[in-house]
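Copied from TrEMBL, the annotated features are:
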TRANSMEM  B:6-30  transmembrane segment
TRANSMEM  B:78-101  transmembrane segment
TRANSMEM  B:113-136  transmembrane segment
TRANSMEM  B:157-175  transmembrane segment
TRANSMEM  B:195-215  transmembrane segment
TRANSMEM  B:244-268  transmembrane segment
TRANSMEM  B:288-308  transmembrane segment
TRANSMEM  B:328-346  transmembrane segment
Amino acid sequence: MHSQNYFWNYLPLMMQIIVAVGLGCSMVTMSWLIGRHRKSSVKLAAYECGVPAEGDARGRFSVRFYMVAMLFILFDVEAVFMLPWAVIYRRLPAITGSRMFGFWEMLVYLGFVLVGFFYIWKKGILDWAQDKGDL
Amino acid sequence: MSLLVFFLLSIVKIAVVLVIFLTAVAYTVLLERKVVGRIQNRWGPSRVGPFGLLQPLADGIKLFLKEDLLPTAVYRPLYIAAPIIALACSLLSISVVPFGADIRYKGVDLFQIADLNIGLLVILGVTSIGVYGIALSGWSSNNKYSLLGSLRASAQLISYELALGLSLVGVVMRAGSLRLRDIVNIQAPHGMLSWNVFGGLQFVAFFIYLMAAYAETNRAPFDLPEAESELTAGYHTEYSSMKFAMFFMAEYANMITVSCVATLLFFGGWTSPFGNLLPAVGGPVVQALLPVFWFVLKVFFFLFLYIWVRGTLPRFRYDQLMGFGWKFLLPVAIANIIFTSLWLAFRAG
């Protein structure tokens with residue numbers, strides 16, 4: 001594609017990462033150094049709308065988050081599988097010799113995914129507000 | 001071409017792009033305050049400089065001079081690292097965005113920092129890492145509002161990332177590449193007619209992308225993580241001074257990145273909307289800068305749309321938000337993939 005070494009292309013990205021992180025760090029440091037510090041115990045307490053804070057935020061409470069996180073991993077893997085297929089899709093007829101081969105292959109795969117999707121939908125996991133004891 | 005020239009030119013490019021980008025971030029904030037002000041029948045900032053144009057500068061100075069609090073209850077390493085992660089991730093994606101036509105000086109691409117053949121994947125990946133900034137800031141603050149805000153944000157971000165990723169599959173299919181320049185080049189031949197959103201028949205994908213991107217950047221009407229009426233400020237309640245501003249900079253930088261990606265993937269990037277209908281005018285310099293002009297114009301349109309939507313639409317309820325992402329956007333994105341692949345298969349024959 002280019003005359004230069006392929007890995008050179010990643011060099012600017014690495015530099016950008018260094019610059020971006022450096023910029024963030026220097027901003028935090030600068031603001032710590034420039035701003036004046038007049039601490040008081042009330043000022044340093046956790047904000048809770050003007051009332052004294054009740055305990056801290058390390059207690060346990062039920063969130064649907066872990067279910068969503070698990071589903072996310074499943075469906076994100078699906079998306080990851082789709083991307084290489086999408087890149088090569090228009091070249092597949094020439095490779096496989098059949099115009100619809102790539103389409104049917106992915107349709108079968110998507111079918112499996114959709115069955116799983118239908119299952120979690122009917123199971124009520126996607127109903128965020130509905131409280132179910134078994135979740 | 002030697003590595004040294006490449007290295008030095010890359011440094012110059014990064015410096016120029018970052019300065020322009022950060023200025024754009026600052027002025028997007030001003031634009032938002034102005035436009036939302038006009039939508040709400042008031043003037044917005046108008047005192048500092050002509051038309052309030054120096055307001056971002058004044059805000060920056062003010063935020064630097066503010067007291068940088070380190071509350072006693074926070075977990076310090078993550079509390080300090082979180083805004084750095086958020087800002088750094090938001091500044092990374094711009095490095096793979098091409099702003100103009102492929103013009104080279106000594107073999108170095110002038111309008112793109114890093115020309116990667118997996119540019120789109122880099123943007124998706126960096127956006128995903130951005131979740132850490134928000135999740136860690138909420139958890140390390142040890143504040144209930146922050147925790148709730150960050151939990152909401154994390155769940156929302158990963159849910160909408162699915163629809164976002166799947167909505168791009170159709171575009172990748174049409175271009176047959178993840179390289180952003182290839183994706184734009186395939187939209188170049190007939191101006192507006194060959195843009196992915198029209199000629200590529202990706203308008204459904206475009207709307208999925210737009211909605212998912214609004215949710216990804218925590219913007220209205222999906223700004224539940226920082227819903228001030230219920231969570232004060234959400235995940236950045238405990239932050240002050242520049243650390244607070246860094247979350248805001250990250251949010252606006254992400255807005256600009258999303259606008260850039262929407263422009264590149266669906267609206268033909270730097271190509272002219274009129275294709276070859278417009279006669280070529282000016283010398284080589286004008287010819288090199290004209291694509292940049294189109295690109296900036298399109299990005300500006302998307303930024304304006306962001307602000308317009310914020311000024312117009314009310315906020316969702318959280319269960320509606322999750323339901324919308326999972327039960328509507330995700331199936332529609334999959335249907336779009338099936339439809340696009342069918343269309344491409346038949347058109348190829």
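Cβ from N, Cα, C; glycine included.
For the transmembrane segment (B:6-30), the partner stretch with the most Cβ pairs below 8 Å, chosen from B:78-101, B:113-136, B:195-215, B:244-268, B:288-308, is B:244-268. Between the transmembrane segment (B:328-346) and the stretches B:78-101, B:113-136, B:157-175, B:195-215, B:244-268, Cβ pairs under 8 Å are most numerous for B:157-175. When the stretches B:78-101, B:113-136, B:244-268 are ranked by Cβ pairs under 8 Å to the transmembrane segment (B:157-175), first place goes to B:113-136. Within the chain, the transmembrane segment (B:244-268) has long-range Cβ neighbours (under 8 A, six or more residues past its boundaries) at 21-22, 24-25, 28-29, 59-60, 63, 83-84, 86-87, 89-91, 93-94, 97-98, 120, 123, 127, 130, 133, 137, 168, 171, 180, 183-184, 187-188, 191-192, 194-197, 200, 202, 205-206, 209-210, 213, 216-219, 235-236, 295, 298-299, 302-303, 306.
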